[in-house]
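First up is the structure itself, then whatever we jot down about it.
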Ligand SMILES: Nc1ncnc2c1ncn2[C@@H]1O[C@H](COP(=O)(O)OP(=O)(O)O)[C@@H](O)[C@H]1O
Ligand SMILES: Nc1ccn([C@@H]2O[C@H](COP(=O)(O)OP(=O)(O)O)[C@@H](O)[C@H]2O)c(=O)n1
(Lines of atoms letter the chains of each structure in order from A; the text may use other names.)
(Lines give C-alpha, C1' and ligand atoms only; values in the text may rest on other atoms or scores of the structure.)
(Ligands and ions follow the chains in the order given, each with its own letter.)
Protein backbone atom coordinates (compact mmCIF):
# COMPACT_ATOMS: atom_id res chain seq x y z
CA UNK A 1 0.00 0.00 0.00
CA UNK A 2 1.43 3.38 -1.02
CA UNK A 3 1.70 5.97 1.75
CA UNK A 4 1.08 8.98 -0.48
CA UNK A 5 -1.84 9.19 -2.90
CA UNK A 6 -1.72 12.14 -5.32
CA UNK A 7 -5.03 12.79 -7.12
CA UNK A 8 -4.93 14.78 -10.39
CA UNK A 9 -8.05 15.77 -12.37
CA UNK A 10 -8.60 18.01 -15.36
CA UNK A 11 -10.04 18.34 -18.87
CA UNK A 12 -8.70 16.68 -22.04
CA UNK A 13 -5.32 17.99 -23.15
CA UNK A 14 -4.45 19.73 -19.87
CA UNK A 15 -1.43 17.44 -19.57
CA UNK A 16 -2.72 15.01 -16.91
CA UNK A 17 -1.22 11.81 -18.35
CA UNK A 18 2.13 13.10 -19.55
CA UNK A 19 2.80 15.37 -16.55
CA UNK A 20 1.63 12.80 -13.96
CA UNK A 21 3.73 10.07 -15.54
CA UNK A 22 6.91 12.16 -15.61
CA UNK A 23 6.37 13.46 -12.07
CA UNK A 24 5.83 9.86 -10.88
CA UNK A 25 8.99 8.73 -12.65
CA UNK A 26 11.08 11.42 -10.91
CA UNK A 27 9.48 10.82 -7.50
CA UNK A 28 9.81 7.01 -7.73
CA UNK A 29 6.01 6.72 -7.51
CA UNK A 30 3.54 4.51 -9.35
CA UNK A 31 1.21 6.13 -11.87
CA UNK A 32 -2.42 5.22 -12.62
CA UNK A 33 -4.04 6.47 -15.84
CA UNK A 34 -7.77 5.98 -15.12
CA UNK A 35 -8.91 7.23 -18.54
CA UNK A 36 -7.21 4.17 -20.03
CA UNK A 37 -9.75 1.88 -18.30
CA UNK A 38 -12.70 3.83 -19.73
CA UNK A 39 -11.03 3.73 -23.13
CA UNK A 40 -10.27 -0.01 -22.82
CA UNK A 41 -13.89 -0.77 -21.91
CA UNK A 42 -15.06 1.33 -24.88
CA UNK A 43 -12.60 -0.58 -27.13
CA UNK A 44 -13.89 -3.89 -25.72
CA UNK A 45 -17.53 -2.90 -26.42
CA UNK A 46 -16.64 -2.02 -30.03
CA UNK A 47 -14.69 -5.26 -30.38
CA UNK A 48 -17.66 -7.30 -29.15
CA UNK A 49 -20.18 -5.43 -31.29
CA UNK A 50 -21.95 -3.92 -28.26
CA UNK A 51 -24.16 -0.91 -29.01
CA UNK A 52 -22.37 1.74 -26.91
CA UNK A 53 -25.53 3.83 -26.67
CA UNK A 54 -27.31 0.94 -24.95
CA UNK A 55 -26.46 1.50 -21.26
CA UNK A 56 -27.82 -1.89 -20.19
CA UNK A 57 -25.64 -3.75 -22.68
CA UNK A 58 -22.58 -1.69 -21.73
CA UNK A 59 -23.23 -2.21 -17.99
CA UNK A 60 -23.31 -5.98 -18.54
CA UNK A 61 -19.71 -5.90 -19.76
CA UNK A 62 -18.25 -4.40 -16.56
CA UNK A 63 -18.47 -7.31 -14.10
CA UNK A 64 -16.35 -9.70 -16.20
CA UNK A 65 -14.08 -7.01 -17.68
CA UNK A 66 -10.62 -8.64 -17.73
CA UNK A 67 -8.41 -5.56 -17.48
CA UNK A 68 -4.75 -5.02 -16.65
CA UNK A 69 -2.68 -1.81 -16.66
CA UNK A 70 1.00 -1.10 -16.06
CA UNK A 71 1.45 1.36 -13.20
CA UNK A 72 5.22 1.78 -13.44
CA UNK A 73 5.95 4.95 -15.43
CA UNK A 74 8.50 3.11 -17.59
CA UNK A 75 6.34 0.00 -18.11
CA UNK A 76 3.01 1.32 -19.22
CA UNK A 77 0.66 -1.11 -20.96
CA UNK A 78 -3.05 -1.76 -21.27
CA UNK A 79 -4.42 -5.30 -21.69
CA UNK A 80 -7.89 -6.70 -22.09
CA UNK A 81 -8.31 -10.49 -21.92
CA UNK A 82 -4.49 -10.75 -22.05
CA UNK A 83 -4.31 -8.87 -25.37
CA UNK A 84 -2.08 -5.78 -25.47
CA UNK A 85 -4.22 -2.90 -26.73
CA UNK A 86 -2.02 0.00 -25.57
CA UNK A 87 -2.08 1.94 -28.89
CA UNK A 88 -5.60 0.84 -29.90
CA UNK A 89 -7.36 2.70 -27.06
CA UNK A 90 -6.16 6.07 -28.51
CA UNK A 91 -7.79 5.47 -31.90
CA UNK A 92 -10.34 8.13 -32.90
CA UNK A 93 -13.12 5.49 -33.11
CA UNK A 94 -12.56 4.76 -29.40
CA UNK A 95 -12.24 8.43 -28.42
CA UNK A 96 -15.55 9.07 -30.21
CA UNK A 97 -17.52 6.65 -28.01
CA UNK A 98 -15.67 6.71 -24.66
CA UNK A 99 -17.88 9.42 -23.11
CA UNK A 100 -21.02 7.36 -23.81
CA UNK A 101 -19.49 4.38 -22.01
CA UNK A 102 -18.20 6.54 -19.13
CA UNK A 103 -21.60 8.00 -18.30
CA UNK A 104 -23.15 4.62 -17.43
CA UNK A 105 -23.44 4.55 -13.59
CA UNK A 106 -22.55 0.82 -13.33
CA UNK A 107 -19.39 1.50 -15.36
CA UNK A 108 -18.34 4.33 -13.04
CA UNK A 109 -19.04 2.25 -9.91
CA UNK A 110 -17.21 -0.82 -11.27
CA UNK A 111 -14.15 1.09 -12.48
CA UNK A 112 -13.98 3.21 -9.31
CA UNK A 113 -13.81 -0.01 -7.25
CA UNK A 114 -11.11 -1.31 -9.60
CA UNK A 115 -9.06 1.92 -9.25
CA UNK A 116 -9.28 1.79 -5.45
CA UNK A 117 -8.03 -1.81 -5.52
CA UNK A 118 -5.11 -0.90 -7.83
CA UNK A 119 -4.18 2.09 -5.61
CA UNK A 120 -4.27 -0.13 -2.50
CA UNK A 121 -2.08 -2.77 -4.16
CA UNK A 122 0.68 -0.37 -5.30
CA UNK A 123 3.91 -1.00 -3.43
CA UNK A 124 5.78 2.20 -4.37
CA UNK A 125 6.04 4.96 -1.70
CA UNK A 126 3.42 6.97 -3.55
CA UNK A 127 1.01 6.79 -6.47
CA UNK A 128 -0.18 9.54 -8.80
CA UNK A 129 -3.72 8.85 -10.03
CA UNK A 130 -5.11 10.97 -12.86
CA UNK A 131 -8.55 11.34 -14.41
CA UNK A 132 -11.75 13.36 -14.11
CA UNK A 133 -13.17 12.39 -10.71
CA UNK A 134 -10.13 11.34 -8.69
CA UNK A 135 -10.09 14.35 -6.32
CA UNK A 136 -13.86 14.11 -5.78
CA UNK A 137 -14.97 10.46 -6.08
CA UNK A 138 -12.16 7.91 -6.46
CA UNK A 139 -9.75 9.28 -3.82
CA UNK A 140 -11.29 12.31 -2.07
CA UNK A 141 -9.07 11.60 0.98
CA UNK A 142 -5.83 11.72 -1.06
CA UNK A 143 -2.94 13.52 0.69
CA UNK A 144 -2.47 15.75 -2.37
CA UNK A 145 -5.30 16.82 -4.70
CA UNK A 146 -4.66 18.86 -7.84
CA UNK A 147 -6.82 20.23 -10.65
CA UNK A 148 -4.59 20.56 -13.71
CA UNK A 149 -6.12 23.07 -16.11
CA UNK A 150 -5.13 24.97 -19.26
CA UNK A 151 -7.05 27.28 -21.55
CA UNK A 152 -9.13 25.60 -24.30
CA UNK A 153 -6.78 27.15 -26.89
CA UNK A 154 -3.66 25.67 -25.25
CA UNK A 155 -5.31 22.25 -24.87
CA UNK A 156 -6.47 22.16 -28.47
CA UNK A 157 -3.05 23.25 -29.75
CA UNK A 158 -1.39 20.43 -27.79
CA UNK A 159 -3.77 17.79 -29.11
CA UNK A 160 -3.52 19.08 -32.71
CA UNK A 161 0.26 18.88 -32.49
CA UNK A 162 -0.07 15.19 -31.59
CA UNK A 163 -2.47 14.26 -34.39
CA UNK A 164 -0.90 15.92 -37.39
CA UNK A 165 -3.01 13.91 -39.84
CA UNK A 166 -6.25 15.30 -38.48
CA UNK A 167 -7.14 18.92 -39.08
CA UNK A 168 -6.75 21.25 -36.13
CA UNK A 169 -10.37 22.27 -36.47
CA UNK A 170 -11.70 18.71 -36.29
CA UNK A 171 -9.49 18.03 -33.26
CA UNK A 172 -10.74 21.15 -31.51
CA UNK A 173 -14.35 20.21 -32.17
CA UNK A 174 -13.90 16.63 -30.92
CA UNK A 175 -12.15 17.82 -27.77
CA UNK A 176 -14.79 20.46 -26.99
CA UNK A 177 -17.62 18.01 -27.57
CA UNK A 178 -16.03 15.31 -25.36
CA UNK A 179 -15.41 17.84 -22.56
CA UNK A 180 -19.03 18.99 -22.83
CA UNK A 181 -20.34 15.41 -22.60
CA UNK A 182 -17.96 14.48 -19.77
CA UNK A 183 -18.76 17.57 -17.70
CA UNK A 184 -22.43 16.58 -17.54
CA UNK A 185 -21.28 13.60 -15.49
CA UNK A 186 -18.40 14.99 -13.39
CA UNK A 187 -17.30 18.57 -12.66
CA UNK A 188 -13.61 18.63 -13.55
CA UNK A 189 -13.49 22.32 -14.52
CA UNK A 190 -13.75 23.70 -10.98
CA UNK A 191 -11.54 22.77 -8.05
CA UNK A 192 -13.42 21.19 -5.13
CA UNK A 193 -12.62 22.37 -1.58
CA UNK A 194 -9.02 21.61 -0.64
CA UNK A 195 -7.94 21.00 -4.25
CA UNK A 196 -4.96 23.00 -5.59
CA UNK A 197 -5.37 24.42 -9.10
CA UNK A 198 -2.34 24.15 -11.38
CA UNK A 199 -2.87 26.17 -14.57
CA UNK A 200 -0.42 25.06 -17.25
CA UNK A 201 -1.57 27.50 -19.95
CA UNK A 202 1.64 29.55 -19.76
CA UNK A 203 3.94 26.82 -18.47
CA UNK A 204 5.95 24.51 -20.70
CA UNK A 205 6.01 20.76 -19.98
CA UNK A 206 9.12 20.88 -17.77
CA UNK A 207 7.79 23.73 -15.62
CA UNK A 208 4.44 21.95 -15.22
CA UNK A 209 6.16 18.75 -14.04
CA UNK A 210 8.24 20.79 -11.58
CA UNK A 211 5.15 22.62 -10.31
CA UNK A 212 3.33 19.31 -9.68
CA UNK A 213 6.37 17.89 -7.85
CA UNK A 214 6.53 21.05 -5.72
CA UNK A 215 2.85 20.67 -4.80
CA UNK A 216 3.40 17.00 -3.89
CA UNK A 217 6.44 17.83 -1.72
CA UNK A 218 4.58 20.66 0.03
CA UNK A 219 1.43 18.63 0.65
CA UNK A 220 2.56 15.08 1.36
N1 LIG B 1 2.66 22.35 -20.06
C2 LIG B 1 2.68 21.83 -21.28
N3 LIG B 1 3.09 22.56 -22.33
C4 LIG B 1 3.08 22.07 -23.57
N5 LIG B 1 2.68 20.83 -23.91
C6 LIG B 1 2.26 20.05 -22.92
C7 LIG B 1 2.22 20.49 -21.55
N8 LIG B 1 1.71 19.49 -20.80
C9 LIG B 1 1.45 18.47 -21.65
N10 LIG B 1 1.80 18.78 -22.91
C11 LIG B 1 1.61 17.96 -24.13
O12 LIG B 1 0.22 18.09 -24.45
C13 LIG B 1 -0.30 16.86 -24.95
C14 LIG B 1 -1.53 16.43 -24.15
O15 LIG B 1 -1.12 16.01 -22.87
P16 LIG B 1 -1.76 14.75 -22.15
O17 LIG B 1 -0.86 14.41 -21.01
O18 LIG B 1 -2.10 13.67 -23.12
O19 LIG B 1 -3.12 15.42 -21.60
P20 LIG B 1 -4.37 14.78 -20.89
O21 LIG B 1 -3.93 13.49 -20.28
O22 LIG B 1 -4.78 15.79 -19.87
O23 LIG B 1 -5.41 14.63 -21.96
C24 LIG B 1 0.85 15.87 -24.91
O25 LIG B 1 1.40 15.79 -26.20
C26 LIG B 1 1.83 16.48 -23.92
O27 LIG B 1 3.15 16.12 -24.19
N1 LIG C 1 -11.59 9.36 -14.09
C2 LIG C 1 -12.05 9.36 -15.34
C3 LIG C 1 -11.15 9.25 -16.43
C4 LIG C 1 -11.66 9.24 -17.71
N5 LIG C 1 -13.00 9.30 -17.91
C6 LIG C 1 -13.58 9.16 -19.26
O7 LIG C 1 -12.62 8.56 -20.10
C8 LIG C 1 -12.37 9.38 -21.25
C9 LIG C 1 -10.91 9.25 -21.67
O10 LIG C 1 -10.10 9.78 -20.65
P11 LIG C 1 -8.57 10.19 -20.94
O12 LIG C 1 -8.02 10.70 -19.66
O13 LIG C 1 -7.87 9.08 -21.62
O14 LIG C 1 -8.78 11.33 -22.00
P15 LIG C 1 -7.78 12.43 -22.49
O16 LIG C 1 -8.22 13.62 -21.74
O17 LIG C 1 -6.38 12.03 -22.11
O18 LIG C 1 -8.02 12.48 -23.94
C19 LIG C 1 -12.84 10.78 -20.87
O20 LIG C 1 -13.25 11.50 -22.01
C21 LIG C 1 -14.00 10.47 -19.91
O22 LIG C 1 -15.19 10.21 -20.65
C23 LIG C 1 -13.86 9.41 -16.83
O24 LIG C 1 -15.07 9.49 -17.04
N25 LIG C 1 -13.38 9.45 -15.57
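Yeah, the Cβs are placed from backbone N, Cα and C, and that goes for glycine too.
Feature annotations, reproduced from TrEMBL:
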BINDING   10, 11, 12, 13, 14, 15, 16, 17, 18  ATP binding site
DOMAIN    6-217  domain 'Cytidylate kinase'
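Each of the binding-site residues 10, 18 was assessed for Cβ neighbours inside 10 Å, and the highest tally belongs to 10. In sequence order, 19, 130, 148, 150, 155 are the residues of the same chain, not among 10, 11, 12, 13, 14, 15, 16, 17, 18, whose CB sits within 8 A of the CB centroid for the ATP site. Ligand 2 lies under 6 Å from the Cβ of the following binding-site residues, listed in sequence order from 12, 14, 18: 12. If you count neighbouring Cβ atoms within 10 Å for each of the binding-site residues 12, 14, the highest count belongs to 14. Across the domain 'Cytidylate kinase' (6-217), the prediction's mean pLDDT works out to 94.
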